[in-house]
């Protein structure tokens, strides 16, 4: 006959490491060793670090982007239509009003995002 012994009850608590345990002296030295060379290079070559005399390589595509995603483009209309359809279908499936009103919230986010970007 085989006997099986089992111990039941609370196990020993496992201590969770503190967030501040990452800020040890050794870790700070490692961080300094990684950051100081980059800081020295940026100090000696500031024009490379800040791209002061840089040329905008994407400027030629501004008209294409505005034509594709601008206020009067068909892409924005199709995205809004897809939002309305998905919101309606999700509302019919779940009967949750959040899905029905979600398209309005997403439309506001899209309008604000396009205004911020400049489209």
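Numbering starts at 1 and runs along the chain as it is shown here.
Cβ coordinates come from backbone N, Cα and C, glycine included.
Annotation comment: Swiss-Prot describes 52 as N-acetylalanine.
For 1-73, the entry in Swiss-Prot reads topological domain 'Periplasmic', with the evidence type similarity to another entry.
For 95-98, the entry in Swiss-Prot reads topological domain 'Cytoplasmic'. Long-range contacts of the topological domain 'Cytoplasmic' (95-98) within its own chain (CB-CB distance under 8 A, at least 6 residues past either end) are absent; none are counted.
With a threshold of 8 Å between CB atoms, the same-chain residues lying at least 6 positions outside the transmembrane segment (74-94) that come near it are 68, 100-103, 106-107, 110, 114. For 74-94 (among others), the entry in Swiss-Prot reads transmembrane segment.
Here Swiss-Prot flags 99-119 (among others) as transmembrane segment. Sequence-distant neighbours of the transmembrane segment (99-119) (same chain, 6+ residues past either end, Cβ-Cβ under 8 Å): 65-66, 69-71, 76, 79-80, 83-84, 86-88, 90-91.
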